[in-house]
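Chemist: This is the feature table in Swiss-Prot:
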type	residues	note
BINDING	Cys36, Cys39, His40, Met79	heme c 1 binding site
BINDING	Cys126, Cys129, His130, Met168	heme c 2 binding site
SIGNAL	1-25	signal peptide
Amino acid sequence: MTQSTPRLMLAASVLALGLASNAGAEPTAEMLTNNCAGCHGTHGNSVGPASPSIAQMDPMVFVEVMEGFKSGEIASTIMGRIAKGYSTADFEKMAGYFKQQTYQPAKQSFDTALADTGAKLHDKYCEKCHVEGGKPLADEEDYHILAGQWTPYLQYAMSDFREERRPMEKKMASKLRELLKAEGDAGLDALFAFYASQQ
């Protein structure tokens, strides 16, 4: 009994040192992104219509959006509170992780005729910035994924832009005004159908 006591104490000391070492270790990208799965799905592919898929998202855009949530520049229901728990370095790690994931377009219904109209409107008003129909592209930078996103999410995001709860770049604002003047809200519905059709 007395001989085993020093061994037990040694084992306990080694275990305590190991726990202390792990507690001070930098969190990995996988650890940081675990909290995202509840809304954005495993590996960044959303299973809920109100949340965007963030797999293969452009890293610069990811960090910019997260910083916007953290500062309050981008309005949100919950993301602002979540973002406050992370540093810029954390955002960069998370961005690198999601960039490496494979994007899976949402499986959803859409109106085929409306999608055909939307494809033409996309080419006219959106393609210059959202190339290849808004798909994620390996060699592009500063892109936002539209193709295959859930339609309700795109509708909510557009509402935020139009009601100035989210900042909009000048080029986008100009093209949106042109689209709405020519097509009205029906033009947006056609665009949403086009993005939904890319599955």
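From the backbone N, Cα and C atoms, a Cβ is placed for every residue, glycine too.
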Chemist: So if I measure Cβ to Cβ from His130 (heme c 2 binding site) and keep only same-chain residues at least 6 apart in sequence, which ones fall under 8 Å?
Modeler: His122, Tyr143, His144, Leu146
Chemist: How far is it from Met168 (heme c 2 binding site) to Met79 (heme c 1 binding site), counting Cα to Cα, in Å?
Modeler: 18
Chemist: Neighbour count first, Cβ atoms within 10 Å, every protein chain included; then name which of Met79, Cys129, Met168 tops the list of binding-site residues.
Modeler: Met79
Chemist: May I ask for the distance between Cys36 (heme c 1 binding site) and Cys129 (heme c 2 binding site), taken between their Cα atoms and rounded to an integer number of Å?
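Modeler: Rounded to a whole number, the Cα-Cα distance is 27 Å.
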Chemist: List, in sequence order, the residues of the same chain other than Cys36, Cys39, His40, Met79 whose Cβ lies within 8 Å of the centroid of the Cβ atoms of the recorded heme c 1 site.
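Modeler: Residues close to the heme c 1 site, other than Cys36, Cys39, His40, Met79: Asn35, Ala37, Gly38, Ser51, Ile54, Ile82.
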Chemist: Could you state the CA-to-CA distance between Cys126 (heme c 2 binding site) and His40 (heme c 1 binding site) to the nearest Å?
Modeler: 25
Chemist: In Å, rounded, how far does the Cα of Cys129 (heme c 2 binding site) sit from the Cα of His40 (heme c 1 binding site)?
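Modeler: Taking the Cα atoms only, Cys129 (heme c 2 binding site) lies 24 Å from His40 (heme c 1 binding site).
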Chemist: Sorted by position, what residues of the same chain at least six away from His40 (heme c 1 binding site) have a C-beta under 8 A from it?
Modeler: Ser46, Ser51, Pro52, Ser53, Ile54
Chemist: May I ask you to report the DSSP-based helix, strand or coil state of Cys126 (heme c 2 binding site)?
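Modeler: Its secondary structure by DSSP: coil.
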Chemist: Across all protein chains in the structure, which of the binding-site residues Cys36, Cys39 has the highest Cβ count within 10 Å?
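Modeler: Output for this query is Cys36.
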